[in-house]
Amino acid sequence: MASIDQSPKASPTSLFQVYLRLRPPPSPLVQLTQQSLYPLLPPPERYLTVEAPGKDSQDGMPTHITIHPPSDSRKRAVEKFAFTKVFEEQAEQLELFRGTGVVPLIEGVLGEGRDGLIATLGVTGSGKSHTILGSKSQRGLTQLSLDVLYRSLGTQTLHPADHASLIASLNATDASEAQIFSAPGFLDNVYGDSLQEPSRSRAPTPMMVGSPSRSSLKVPYSSLKVHHTTGPRSQWSILSLDAVTPSPEKSNSSAVNEGKAASVPNAERIPNHTSTLPSQPSFRKPLNPGMTRKQAKMRFGDTLQDPAFTPNVPKRKLPQRPSALPQFPDISGLAFSVEPNMEYAILVSMHEVYNDRIFDLLSVPSNQKDLRRRHLLFKSTEASPDRKVVAGLCKVVCGSYEEALMILETGLLERRVAGTGSNSVSSRSHGFFCVEVKRRPRGGLSNSWIGSQLTIVDLAGSERARNAKTAGATLAEAGKINESLMYLGQCLQMQSDSDDGAKPTLVPFRQCKLTELLFSNSFPSSSHHHSTHTTHHKNAQKAIMIVTADPMNEFNATSQILRYSALAREVTVPRIPSVSSTIFANTTSRTLSGQTLPPTVHTDEAVVEMAFSEIARLNEEVEVLNVRLTEQEERRKEAEENWQKAEEKAEQIEMEVREECWSEMERKTEEERRRWMGAWGEEADRNDEHLDRKLEILSKGIQIHEDPIEQDARTTELEDENEALRRKLEALERELQCRSPTKLPRKAQLSSPSKDFGPGVLGAALFKLNGMSLTEAAECKPQSPGKTPGKKMRKLTARKWDLMDEKEMDAFENHY
Ligand SMILES: Nc1ncnc2c1ncn2[C@@H]1O[C@H](COP(=O)(O)OP(=O)(O)OP(=O)(O)O)[C@@H](O)[C@H]1O
């Protein structure tokens with residue numbers, strides 16, 4: 001650590017400039033209430049002292065504090081801490097805004113193109129949100145920063161309503177796969193007609209302990225049904241929130257239900273004002289009486305899912321409600337000059353880290369599938385290969401300060417908060433508010449946007465379950481919050497160790513989402529600006545950490561945070577007066593007259609005194625070493641716990657990866673099976689088709705081949721006929737033989753047939769047919785000339801037979 005006596009300056013490698021802000025005690029009324037509630041509790045003791053500013057302190061501001069363990073603590077070590085500056089209880093918001101490095105940070109975002117980050121860290125209830133978001137009378141660093149940004153950019157700020165292609169142009173160059181909307185369109189879809197309505201009665205905004213909790217405000221539609229303890233940041237509610245005051249019991253009991261909130265579909269969260277909360281006026285756009293929740297969801301979703309959506313709302317006609325916001329402190333005199341030949345677009349996005357997961361605070365479900373809030377990834381994208389971004393956020397282009405405030409309020413309504421024993425409106429997540437300032441040359445033709453981002457982080461506070469009196473899901477949340485803050489502490493510890501001159505250590509920022517988001521871009525990188533295809537060197541971000549502490553509360557938790565966030569530290573153990581010195585002090589001789597005489601110098605006594613003082617010194621050293629040892633042991637324990645957690649996490653990741661691989665394999669196998677089944681089916685179909693075609697061909701072929709069958713049948717028929725004729729012939733011959741020889745010339749006639757139709761012709765025909773089958777006849781070749789008649793007859797072909805004309809055949813048949 002840096003020498004504690006010098007005015008601490010963060011080294012160039014520092015991740016943060018660290019400022020300390022002390023929280024003022026609660027108002028007398030609140031103190032009175034607390035005393036009446038817990039009469040046995042001793043009045044809180046102040047354990048923190050602010051050291052007078054040193055000679056070289058900046059602006060005459062103190063830089064060191066000392067903490068003395070309270071009387072009931074067993075610890076004795078007095079610790080002194082150094083910070084860049086210490087802001088005491090009476091410090092106002094403006095003092096903080098001007099005194100911390102916020103103004104140069106904004107200048108860096110506007111001019112140098114350097115990202116800036118402001119974060120608050122502290123025990124729950126120490127004033128982080130108050131610093132970042134302000135109260136109902138004072139603006140916080142967020143509003144003040146926005147005001148300066150818009151004042152500086154003035155008329156060079158582009159508004160989507162004036163530039164039709166603005167959203168498309170921003171969309172084309174956005175590296176974070178964001179959905180970009182215009183503010184009026186976004187707000188119209190969230191609040192609709194209520195934006196145009198005259199302001200309703202403004203609710204008293206509860207803020208202090210004892211006043212109605214955050215839950216008493218009208219809560220957003222997304223949280224009405226499930227978290228009764230959740231609601232908007234009470235201190236600086238913008239819109240007309242007609243407060244309703246749920247009973248504290250309800251608040252407490254439902255706090256337990258908070259963990260379920262994430263898994264409850266938003267459809268269930270749309271308030272049914274007439275049924276579930278009859279006395280509660282609506283906050284989000286009142287649904288049309290005839291519109292079901294589903295329809296309402298669809299309506300919002302349908303319009304918003306188109307990133308290029310340009311709403312049909314009057315140009316820049318926002319409700320007057322932001323004017324009801326605190327205007328103090330006034331910073332109208334503060335503005336930076338920006339490049340005159342440039343035009344600027346301001347994009348606002350919001351997300352939270354809840355249970356180590358990132359959720360968009362501005363997302364509006366675009367369809368039924370999106371009803372559950374999906375967590376987003378912090379990753380490098382195609383357009384941003386060497387810088388990580390939260391991918392898939394909703395970003396809203398805000399043309400004015402008022403629009404930006406409305407968006408901020410909208411996001412805060414979605415943020416998870418709960419009432420705990422330590423803070424009635426305690427943040428249960430780490431909230432990130434991001435303002436991107438993009439610029440391009442004037443003219444609006446170019447898509448070559450470059451820009452930088454200001455991120456404002458309201459961290460959830462660390463808490464002790466015993467003090468916070470949390471249980472169930474809220475306790476589990478607290479566990480996650482404390483774990484992420486512990487990792488943050490380790491990163492900060494590394495910073496102070498390397499500032500101390502120890503060899504530079506790697507900051508272990510990849511241990512959880514919070515530290516990843518905070519530190520990933522804290523180191524220089526070069527990114528390829530995809531629109532221009534040139535390498536754009538991105539400066540490392542500058543960061544400010546404002547540590548908030550209540551000097552009268554939570555000694556252990558506060559000292560722990562101071563220990564790891566301070567830029568330098570010194571431990572001393574107060575001297576206990578030694579026995580000898582006490583004895584010797586009492587041995588001072590007095591005369592009778594009461595005159596004090598110089599003590600008699602006894603050499604032995606001097607030696608003893610020296611010995612005692614040496615013993616005392618050594619004792620003191622031992623004490624300091626003991627303190628260091630205890631700290632080292634704590635660190636070791638912490639490291640061991642981390643190691644164990646890391647191992648468990650590794651195991652869990654391994655299991656998850658295995659399961660993922662397994663399910664991927666199963667999915668692929670199933671896919672492959674389906675593919676094969678499909679291919680198989682197709683093949684089978686093809687086969688069937690093929691078979692059908694074959695059958696068709698076959699059936700056609702069968703028809704063709706029917707001819708020979710018919711021929712066979714015909715042959716058989718003819719053969720039968722032939723047989724019948726032969727029999728008839730034989731019968732005739734027999735008949736002839738039985739006749740008288742006078743009739744023989746007829747036989748001779750038969751052997752020489754004439755051309756007449758008559759027995760001669762018939763005889764010749766019968767003669768021809770006799771002794772030959774048609775088959776044989778068919779086989780016979782045509783008769784060649786010069787052959788014997790006998791031979792001729794044998795070789796009579798069916799063709800020849802066939803050559804008989806029809807008349808002849810008919811005559812022949814009729815004859816027989
Ligand atoms: N500097 C301050 N001046 C006046 N009031 C303050 C100041 N700091 C804190 N408070 C009040 O203290 C209460 C708790 O503060 P706040 O909600 O900001 O705490 P927190 O650190 O954000 O707590 P958590 O981590 O639980 O969200 C609020 O009512 C707030 O108005």
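Using the three backbone atoms N, Cα and C, a Cβ is placed for every residue, glycine included.
Listed features, source TrEMBL:
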- 15-571: domain 'Kinesin motor' (DOMAIN)
- G122, V123, T124, G125, S126, G127, K128, S129: ATP binding site (BINDING)
- 194-217: region 'Disordered' (REGION)
- 247-290: region 'Disordered' (REGION)
- 272-282: compositional bias 'Polar residues' (COMPBIAS)
- 303-324: region 'Disordered' (REGION)
- 608-656: coiled coil (COILED)
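In sequence order, R23, G461, T548, A549, D550, N553, E554, T558 are the residues of the chain that are 6 or more apart from S126 (ATP binding site) and have a CB within less than 8 Å of its CB. Neighbour density for K128 (ATP binding site): within 10 A of its CB lie 27 other CB atoms from the protein chains shown. Across the coiled coil (608-656), the model assigns an average pLDDT of 82.
Of all the binding-site residues listed (G122, G127), G127 has the fewest other CB atoms within 10 A of its CB.
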